[in-house]
Structures are given as C-alpha cells and as structure tokens.
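S.K.: So TrEMBL says this about it:
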TRANSMEM  A:32-55  transmembrane segment
DOMAIN    A:86-277  domain 'ABC transmembrane type-1'
TRANSMEM  A:90-112  transmembrane segment
TRANSMEM  A:124-144  transmembrane segment
TRANSMEM  A:164-184  transmembrane segment
TRANSMEM  A:196-220  transmembrane segment
TRANSMEM  A:256-277  transmembrane segment
Amino acid sequence: MATQVIARTPAHARIGAAPGSRKKDPGRVLRLYVPLALYLAFTLIPFYWMIVFALRPAGSTTPIPWPITFEHFDTVWNDIGYAVFFKNSVIVGVLALFSTTVIALMGGYALARFRFRGRTAFMVALLCTQFIPGAMMLIPLFTIFKGLGLINSLWSLVVADTVFNLPLSIILMSGFVAAVPFQVEEAAMVDGCTRMRAFFAVVLPQLRPGLIAVGSFAFIHTWNNFLFALMFISRQDNFTIPVGLSYTIGEYSADFGALAAGGVVAAIPVVCVFAVIQRYLVHGISAGAVKG
Amino acid sequence: MRSITKVCTAAVAVLALSVTATACGSGDSGSGGGGSDKTTITFWDNNGGVRTPIYQELIKRFEKANPTIHVEYVGIPIASVQQKYDTAIAGGETPDVGGVSASYLANLTGQQALEPADDWLAKSPANGKLLDSMLASVKQTAPDGKLYVVPATSNLDVIWYQKDKLSAAGVEAPKTWDEFFAAADKLTKAPDQYGWTIRGGAGSIFQLLAEAYAYSGVTEFFDSAGKSTVNDPKNVELVTKIAALFKKDTPEADVTNDFPKMVAQFTSGKVAMMHHNLGSYNDHVKAFGADKVDAYPLPVGQSGKRTVVANPVDGFSVFKNSKNKDAAWKFVDFLVSKESNSYWNQQAGQIPANKDAQADSWVSERPYLKSAVEVLADPATVVVSPPYYLPQYSSITKADTEPLFQKVLLGQMKPQEFLDTMAQKLTEAQAEWKQSHS
C-alpha cells in the first residue's frame, strides 16, 4: 500500500515545486527562506546603518533613528556642495551612458555579424584591456586630455569613462546581436530594406535588454568613478559625487552623519536605475553572457 | 520599434552636441580673470571638505583686502592628495599655492615641484613670527635644508578622555605610564565599556611610535652610527604592554581600527580614553559637548624625560610652475598672518604656527590646547623627529609594518621581532639616504 501511495505522488510535489504544496513543506523554509533571510540580513544591515547614521542627530547612539533629523542631508547638499556635484554626476553619467551604448552597439554588431581577419585577436585585446587598472593610465590620459584642452572639463570624464566602459560593453553587445538570427535581417533585406533599415527595423527592437544592460552598467560605473573625477578635474564646481563623498573623511576627523547622508544621496539614483531595469537586466546579462 | 529608432537618433544627436561643446568648452585653469584685470591664483586645500568653510571665509577676507587678486579654491580629499599632486606634477598642471604636509614633502621636493620660501620669508612680515621649531622641522625634511613649506599649524598627540567616565571611576588624568595602565584597567567594564582603544589598522605605527618614544625617553630616531632606535628595549617593553591590553581593556575589533573606526568607538561612548591628536577636537565636541571631553599629553616614562614624536607640520607651498608667484606669496603671507592663522587654528582646534596667534585668548580658554602649547614650549621637552625625509618612510611605517603590528596584537609575532624588522628597514633606508646625499 505504502508503495502505491508513493508511486501516485506527482514528482513536482515530492521535490516541493508544486505551488499548492509550498505551505505544507517545512523543508522548504529551511532550504529557501532561511538562507535568503540570512543573505538579506547580511546585505541590508549595512544599508540600515547608513540610513540610521544619516537620520539620527550627531552624538546619538540609538539603533533607531529617532528623533529624525535632516541636518546631515542639509550639510552634504548645501555645505559640502552635493547640489553641484549631483548635477555634474548626472551629466557625466547620462552622456557616458549614451556614448557607451551607441559605440558598443556599433562595435558589437560588427563583431557579431562580420568575419574579418584579426577578429579573435581584437576580442582578446578587448578582454585584456580589462586587466589594466585605471590608475596606470592616469598620467598618459592626463597628458592627452591636457593636449586636447579637456582638463577641468566634464567631457574628460565622459570620454575616459566611455573608453573604460567600452571593452566589456562591446563584448556583451556582440553576444546580444549574435542571439538575433541573421536570417531575420536577411528576410527584411529581401523585402527591400537596406542593411541599415533592416538593422533599425528588425534587429534593434530585439536588442532592448542588451541596450538596457550595457547602458545601466555604463551609468553605474561612471557614477561611481572617483579616480578620474578627482584627477582630471581641478575645479570645485566640476567635481562629481564620489569626490564629494570623500570630503566627509578628513585627516583628523570623520563626519559619519554626513558620510551616511552622502551615501544615501549617492545610492538613490543607482537604486532607482536598478529598480526600473532589473527585469531586463537579468535577462540581458544571461543572454549576453551565454550566446557569443 | 519607432521609439527605439527615436532614442538612437537622440543619442547620436547628443553625441554630436557633445563633440561640438567639447571643441568649444575647455578647462582654463590658469590665470586671468575672464578678461578683467584680476589675477587669478589657484589654491589646493590638502584636507578638503572639513576645512572648506574655513578657507572660504579666509579667501573672502583676502579678496576684500586685495581686490585685484582672485583665489580659486579647490578642496582635495586628504586620502588622495599625494596622488593628485603627483599626477598634477607629471602633467604640468600644479596649482599656484597648495596645502602641503611635511609627511609627503620629500616626495614633492624630490620632483622639484616647489619654490623655496627662504627668500620670501626674509622679506615677509611673517619673518620672526613663525615658530622656530616648526621651521626647523620643515627644513629638516628637505634634502637641501631649504624651506619649502611655510608652516601654518602643528599638532600634538594627546589622550582624549570622557570626563564623566573618569570621575565616576575615581580616576585622575594619568601623568605617568604606570598610572595610565592602571586607569585603563579600572575604566574597563567589558563588554559595555572599555578603558582604552588601540589603533590596530591604518595609521597604527605613527601612534605606536609616539607612545613608545614617550615611554622610553629615547630622544633620537637613529643613533650616531645611523642605527634605528625603534627596537630599543624600552620601546619593546611598551609595545608588549600595549599588546597585553588588547581584548583585556580594549574592544576585540581594535585589530582593524583605522582612524574613523577608532573615533567612532570613542564618540559612541563605549571607550573611555583614546590616543589621537588635537585635530579630532571638533568631532568629540560634536559628540559629547565641549565640557564633557578633555585631553592630556602622552604620559612620561620612567626616565622622567618628556619626549614627543613630532607630528608632521602642515603649511603652504608655492609651486614652481606658478605664473603668478607674487600674488601667490601674497596669499601665503595673508594665510600665516596673526589674524588668519589664529582664525584657522581656532576653527580646527590645532596649534598655530604664528607666535602672536598662540598668545590669543582662545588658546588659553581650551585646557587641552593650553597644555599642548605648554608641553611644546617647555625647554625640558625633547622633540623626536621621525625621518620624514626618507622616501621609504611612508611605506615602511604603513604597508611594511602595519600588518606586522596586527600580528603582534593577535599573538602571532613577538613585539621584539616586530620592532627589529622595522628597525632594520629604517636603518637600511637611512644608510641609503645618507649615501645618496653624501
């Protein structure tokens, strides 16, 4: 009898995958929710502390931010100059996003669709550039930008960040383009489209997850880049958020309230970007990573 | 489909605009006040952020007094100031005036980036007004013995304490090391309160050496044969005693304590005493209030001699590349004048370099500062000057030996072995330096 009962039990119920049986499986709590809860606690507690430090008055040691104060936000926004730094970061981030995405789209398409001599070597070279730390390129880039009159200009950051974003972005994008069957493009050309028109009409709409993945990576990398922002800029009004954040730790003093408030302000755009794009991003990363 | 096409078109348009704008707008960083008659000089603050409002006020006063000069302020975060200067020197884009600390002065003079200030000082109203000890300390750091930084401020290592915690435990501010160790023990009520905190992470060595030399009374960093005195038996004794406090009278997390974590522990009220310098005064006042916190100088050892390891002097340098040296020196003149120097140090809570500023009432109104000034002015005090002039000094006392001190705290290395290693490296560096400067 017992054997019969087991034999009749559906396989998905035995492994705890059936939606209806979720509540009845105590093992599921241990296997899934406990590790997830631990992971969430591990990642969210630092964020919680950041919010606590940002919202509680200086000198307070309570674990709950009460009474709430916004004095630290006032300090970073008005005294430290986040109002200006935030604007600069948005300008640089958005421009680097556009330039990276457009160039990566063109480069990725070429790598995916055309077979030419040195293609593999070019891909390897792109990968190798990822191993060069930005600090090593500082002085050569500084000299080049000086020659171009770009020092102290936000454009130096746009150009430098785009250049450093491009290798990974091109490789990712070529994976997305390769995932779109060439026959679809050919069919459009048979119907009378030029290659360009076929690209815009048939391929581009299918690259939306890729564009979002590459664009968001470019934006976040640019947003967080401290080194270039400090080294290529020597004008107070042109600094960006990461430089502003480092102002809160002085030689002999550290304003933790301002540091936390600055961290919250710096994190908000990144969190918003992830919230909007996360459903595209997961698909985008896996598609770009697997099909190449 | 159409919307994506539109987005792409917009992106290309933005890029095209970018290129156009790039061609038009470039960063003019030099002088010339946008067509006016004003001379523009750039000033880099080497501790940007915390001190920005102080400089903004001083620059406002300077521009009011000198309407033909405009000062462009740039705040450089302290953690990256050396790299910023190095990049600027390599790219030929240095400021006219910069805040410079003696701790990395050797690096800048090695690149011949700074203008000597000796001739300027001889003609300046500041001549004779700046503390001789600070001038000597800066000159000692330069390979040619010239003055490359005009001193503006100095610091002293002190032990900050929470007054109410000491009085609740019936403890007086310790004057000797024996009293100090007894106090650290008495103030500890683990895990709620600790008597002491050790800086075990970044920056640990400077503080440890300050404690060791204060304890041992050794007055020179190198003996006459050029051998480092860091591993003097009395220094070893102190390091052994400090390491013994770890986890007994200090939090366990101290092994990775850098300066912000150490101050955070102290200002959270969990630690009763903390070794730092005068510069963190504002943080403590913000956390506790001016009447709840005080400081005493590092205790005196059995020798009875008060030995103080000199903190790097901070001041202003004019860069060789400056195209407006007259205006730059004028600004330096203003910054080290009695009024400006007094204002700056009053805000920062540090020791003014200007003798007249030291006599201002605010100095005597702050007991911790008054005692610091008295210690430095006392003829019996011996100032031990660390070899900031050694190019390897920073790497030896940071990257090379900070992890070793952590090993000492964790019981994985003997204090003797740790100090022997450091002494050997310093002795070698000193011999190399002497050879290249002979």
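Every residue, even glycine, has its Cβ placed from backbone N, Cα and C.
Automatic prediction, not curation, is the source of TrEMBL annotations.
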S.K.: In the same chain, who gets a Cβ under 8 Å from the transmembrane segment (A:124-144) while lying at least 6 residues past its ends?
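M.R.: Distal contacts: 151, 160, 164, 167-168, 170-171, 225, 227-228, 231-232.
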S.K.: Out of A:90-112, A:164-184, A:196-220, A:256-277, what stretch is closest in contact terms to the transmembrane segment (A:32-55), meaning most Cβ pairs under 8 angstroms?
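M.R.: Most contacts with the transmembrane segment (A:32-55): A:256-277.
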S.K.: Given the transmembrane segment (A:196-220), which of the listed stretches A:90-112, A:164-184, A:256-277 has the most Cβ pairs that are under 8 Å apart from it?
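M.R.: Answer is A:164-184, with the largest number of Cβ pairs below 8 Å.
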